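Asks: What follows is a structure written as C-alpha cells; I'll ask about it next.
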Amino acid sequence: MMKKIDRRNFLKGGLAGTAALAVTGKATSGKAASFEGYPDSMGVLVDLTKCVGCRTCEAACNKEQGLPEPAKPFNDTSVFDETGHGGMPRQPTEKAYTVVNRYDTESGGPVYRKIQCNHCNEPGCLTSCFVNAYTKTPEGAVIYDPKVCVGCRTCMIACPFHIPAYSYSSTINPIIKKCIFCYDTRLKFGRPPACVEACPQEVMVFGKRADLLRLARQRIKENPNKYIDHIYGEKEMGGTSWLYLSGVPFEEVGFNTTLGNEPVISYVKEFLGIVPMVLTIWPALFTGFHLLATRKEEAEAGKKDNNKGEGGRS
Amino acid sequence: MNRMLEKGFRPIDTLHKPDGTPWSFKEKMMLGLSPQEYWAAQLRNPFNWILAAIFAVGTPIIVGRFIFGLGWATHGSYDYPWGLLLGWGLFVMVPLSASGFMMGTTVELFGRKDFKPIERLGLLNGLLGYFFAVVFLQVDLGQPWRLIYPMFVSLGPAAVLFLVAWHVATYLSVQIAELIPAVSEWMGWPKAKRFIKQIVIGLTVAGIILSTLHQGALGALFTYAPGKVHPLWYSSAFQWFHFLCSAIFAGLSMLIVVSTLTKWFMRWRCDETFLKSLDRLTVGIAKGAALALVTYLVIKFIGVAHDNDWKYLFSGWGQWFMFEIALGVIVPLVLFTSAVRNNNATTARWAALFAVLGIALNRLNTSLVTFNWNLYQEIPHWREFVITITVYATYILVYRAVLARLPILFTWKDKS
C-alpha cells in the first residue's frame, strides 16, 4: 500500500517519469488493484432506514464549510420535489457539498438518502488529475488542493458518482468543490464530520472503516427482514469510506448498482501499460524501417564505393 | 487571386525580384503586391466577408467568456463537464491533424520521396490543427493561465491527461522544427534548413512516438468513464487503439480534403509540380487510408466482441452506432478501394470527405452524444457553437495566410 504513495512521489520527475510510470505501473498493477484502503482509515456508515429527511446534516455542512446561504431554508422540505439540470434529482453542488433526496419507493413509503463524496479507496478523481491536486489521506478523506487546479474537469468525467462540482460561475478562480470529510477542521483531529455529529436520528456512525463493515454486517444479521443484504460501498469501485445500509433495493433510492467492483484506475491500466512499450520499442523499430526502406540507396552507394575500390587496385 | 494570375500576377517564389534586388519582408507579407492592390484583392474575396461576419459575432462572445466565466458561455454542468469546445476543438481537431506525422513518416522515414510535393501541406495541417486544439483548450480551461502547471508546478504523471499535455507540447515543438525549412527558405536563412535536415529522422521518429501515444491517450481519457460512455463506444482494452487507428485515416483524409480545397481556391499559389502530381498523390494517400480504415473496422468489432456488447447493436444506440460505422467507415472504405483500383482521384476525394465527417461524428458521439447515455442528453449552449465556429474560422484564416506565403504548395526557387 505504501508502495503506491512512494511510486507517486518517486515519479514527480517529468518526462522520465512518464516512461518509468508505466513500467512501475505495470509491475505493481497486481498489488494496486487489490488496494483496500489504509488500515486505520475512517469512514461513515449511513443507515437509510433511520433517515427522516430533516436536512439537519445539510445545514451543518453549510455552516462548517462556510458555504453561501441557500435559496430556501434548510427546514423547507419542498426542495425534495425539485429537479436539477437535465431533470436529475438534486445532487451536490459548488454551494452544497451534501444533499438529501427523497425517493418514493415501491416497497412503500418515502426513503431519504444523503449524498456526498463517498471518499473512494482508490479515487477516480485522484487517478485522473494531471496536476496531482487530489490526496487520499491515511484518515480516509479525499481532499484536493484548489491552488493547483487548472480546471480541466477530468475528475468530473472520472467520478463514477458524479460528485465533484465546479464553480462555473466564477471567472477569476473557478475550482472543483466537493465534500472533504471535514478534513481540515475535524477529521485530522479524529473528530467526526459536522453532518454526522448534527444528525438527530443517529443515521450515521463514524468510525474505522473496518469496524463499520463489521457493524453493518451485524445489523443485517440481526435484522435480516429490515435490511437488504448488501453494504453499498464495501466493494463498489474498489470500495469507499462512506458505506450505506438500505431497507429497499439500492437502485430504488438512486444508487448506481451497475458500477462493478473495480476502481477506475483498473480500466485505464491497459493503456498505461502500452506507454513504456511504445517509448522503448518504437525508436528502434522505426529507425529499422527507415534503414530497410532506404536500403536500395545505401546499396547503390556501396556499389559505387566498391567500383571505385576495384578501379584503384587495377 | 486565381483571376489575377490570368492578368499576369506572379506570386513570390524566390528571394529576389526579377531585377535582382531582394524582396523586403513587408513586400513578402503583401505577396509582392502593392498595399492598395493587396487590400483591394482581399476586399473582393467573398470568403473574407463571411469571415468578417463570423468575427463580428464571435469575438464579443469569446471576450464575454473571459469576463462572465464558463457558466455564461457553456452548458458545462456537473454531469457534462466537457462540451462542444473540447468535443470539437480537441477530440475532432487532433485526429484530423495526424497528417503531419503520417507524411513525415512516408517521405523521410520510408523514403517515399515521390510524396514530397504534399509533405509540407501534411506537416502544416498537423501543426495548425494542434495549435488550434490548444487554443480551444485554452478557451475551455477554467484557469487557462495555469496551463503550464502540469509541466512545472504540480505534476501528476500517473494521469492520462498528463501524457496528453506533455506530448502535445513536445509534438508542437517537433512540428515547428519540421516546418523550419519552409520558413528558412522564405526568410533566406539557409543554415536553419541545413540543421533541420541533419536531425530530420530523429524528429520524424519522435513524431511517431508522440503521435502514437497522445492520439491513443485521447481515447484512453474516456476509459476513466466506464458506464458513462455507451458500451459500443467504450472499450477499456482497445479505446486507445480505436483512437490511434482512426486518427491515421482521419489525418490522411483531411490532407486530401485540404489539398482539394487549395487546388480549387488557391490554384494561384500552387506550382506545376504540386498540381500535376496531386491526383497521383491523392490515390497514393487513398491506399494508406483504405488500409487504416479496414484495420479500424476489424478492431472496432473486436472491441464489441471483447466486451460482448452485441446485444446493444439492436437497441436505438446500436442503430446510431451502425449508422456511424456505415457512413464514416464502410462508405469511405469502399470508395477509397474503388479509387485505388480505378486510379480515380475524384472518388478518393469523396471518400476523404466521408471519412472526415465520420471521424468527427465518432469523436462527438464518444465525448458528447453517447456520454451519460443512461442519464439525459445535453445540447451545447448556442454560445459554445458561436465560439467553436469563431475559433475554427481563425484557424482557416491563419491556415490560408500561411499557405499564401510560405513554400508549402510550391517549391522555392532559390537553391540553399
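Glycine residues also receive a Cβ, built from the backbone N, Cα and C atoms like all the rest.
Curation does not apply to TrEMBL; its annotations are automatic.
This is the feature table in TrEMBL:
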TRANSMEM  B:49-73  transmembrane segment
TRANSMEM  B:85-110  transmembrane segment
TRANSMEM  B:122-141  transmembrane segment
TRANSMEM  B:147-174  transmembrane segment
TRANSMEM  B:195-217  transmembrane segment
TRANSMEM  B:237-261  transmembrane segment
TRANSMEM  B:281-305  transmembrane segment
TRANSMEM  B:317-336  transmembrane segment
TRANSMEM  B:348-365  transmembrane segment
TRANSMEM  B:385-403  transmembrane segment
Asks: So, does the transmembrane segment (B:147-174) come close enough to the transmembrane segment (B:237-261) to give 3+ Cβ pairs below 8 Å, pairs being at least 6 apart in sequence?
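Replies: Stretch pair does not touch.
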Asks: State, in range form, which of B:85-110, B:122-141, B:281-305 has the highest count of Cβ pairs under 8 Å to the transmembrane segment (B:195-217).
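Replies: Going through each listed stretch, the top one turns out to be B:85-110.
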Asks: Quick check: do the transmembrane segment (B:348-365) and the transmembrane segment (B:85-110) share at least 3 Cβ pairs under 8 Å, counting only pairs 6+ apart in sequence?
Replies: yes
Asks: For the transmembrane segment (B:122-141), find every same-chain residue at least 6 residues outside the stretch whose CB is under 8 Å from a CB in it, and list them.
Replies: 62, 65, 70, 74, 82-83, 85-86, 88-90, 93-94, 96-104, 147, 168, 171-172, 175-176, 178-179, 182, 251, 254-255, 258, 387-388, 391-392, 394-395, 398-399, 402-403, 406, 408
Asks: With a Cβ cut-off under 8 Å, give me the same-chain residues at least six positions beyond the ends of the transmembrane segment (B:281-305) that come close to it.
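Replies: Non-local partners: 102, 106, 114-115, 117-118, 232, 235, 237-239, 241-242, 245-246, 248-249, 252-253, 255-256, 259-260, 313, 325, 329-330, 332-333, 336-337, 339-340, 343-345, 348-349, 351-352, 355.
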